[in-house]
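Data block below; observations after.
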Amino acid sequence: MEDQLLCCEVDSIRRAYQDVNLLNDRVLHTMLKAEENYLPSANYFKCVQKEIVPKMRKIVATWMLEVCEEQKCEEEVFPLAMNYLDRFLSVEATRKTRLQLLGATCMFLASKMKETVPLTAEKLCIYTDNSVQPGELLRMELLVLNKLKWDLASVTPHDFIEHFLSKLKIYPSTKQILRKHAQTFVALCATDVNFIASPPSMVAAGSVVAAVQGLYLKSQDASLSSQNLTNFLSQVIRSDPDCLRSCQEQIESLLESSLRQAQQHSSTTETKRVDEDVDLSCTPTDVRDINI
Amino acid sequence: MSDVRLSNGSPTLERTDPRVSDHPKPSACRSLFGSVDHEELKRDLKGHLREMDDAASAKWGFDFANHKPLAHGRLDWELVDCRDLPDFYSRQPRREKGVCSAGNNNVDLNGNHNCVVVAPSEDIERSDGQMECTEQCTGMRKRPACHDPSAQSKRSHTSSEEVSCPSLSHSAEHTPRKTSPKRQT
């Protein structure tokens, strides 16, 4: 067994297996309690920032997602980095010209938190087209850490997805696809300003419901019908079903508008495959492509 | 058992390729919001970091830049021999070869660029806690005693002077202690 495990690890990055013992209600409840401590303030654009507007957050988020995908970062790195970014912007007025430095720094930190081989300062600076220098990034890192009070163990929607999936009666293969889709939705939500103050558990639950809907899984099991699933997950996250439903709808409309945008983008650049969406993810986001 | 571990299909299992793109795609390399005023940025960051140093000084009653306790601190600082401390305070960080792949010249796993940490260029003259620590650790690492196997069991050897510590005054650490220790029991 041990040998087998080692064999698997030789040529790839070493990473921990998911510990199934942690997929229990005690852990889930602790996470639900903890997530509030890591919520950015909803209206920092109005209350804290003078130069930075929602559109700029979208720009920097899109760039960050692109870098994370190109560097094949672990899925949770991007949402975690966005959480750092939002928390920093909630407390510190920042210049527009330094937003990219902040974004790079947040990826730097999130990558160190989650990855076996983290992104380097030098590489991140290359991605800023060398508009930022490694020395600046390292000093910014210290500043960000200080402003976040060195508390980087944010709870993200990713942490919840696995808990929710473990509660659904689905085949492992379905679970894989579902996870992938839910993760893509989570990343999509992280780029959108409307979800800044949504609790991660809500975003995760909304993403899972949206993914189940998109994949037409309700035909497999009555418990996966939109209504039942929404009721069930809203109980799990101790929230109102209507809240969760509106979150899910918000996610679906966000997906739709992003796909439309991507379609326009790809038609102008004559890209063949629409689902290889530059804006979002290399994951096919048009869910029906996968289903059939 | 193995069934359980594998069947939960940790999401990361899908991604088994090591990081490949050492050369970023040009399209992703872009400056988003115009050029950065580096001078101003440097000044501002310096200011921020000085503020942080001051706050840390006030909090711990310790002048980290000069390695001296402050006069009227809340805490009593006590000199401790570095050999009395667990070795993780002074030992060299573990560096693995294979992990640091090509294209990362001069950058360690934390992304610390060599020249940033080492070069005594004018923008590093700020001696904050971090830099200080780096210097001090390197100083201690150079101490031959640390590579000596006998240094491993230093607690029992503290009195014996065969473990020479050339820069004792430098490597001695201050340890904070509350003025009113509550360790009665």
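Heads up, the Cβ atoms here are built off N, Cα and C, so glycines get one too.
In TrEMBL this protein carries:
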DOMAIN    A:62-146  domain 'Cyclin-like'
DOMAIN    A:155-280  domain 'Cyclin C-terminal'
Local confidence of the prediction over the domain 'Cyclin-like' (A:62-146), expressed as mean pLDDT: 94
Summary of DSSP states over the domain 'Cyclin C-terminal' (A:155-280), given as helix, strand and coil counts: 95 helix, 1 strand, 30 coil
Structural state census, the domain 'Cyclin-like' (A:62-146) (DSSP three-state): 63 helix, 0 strand, 22 coil
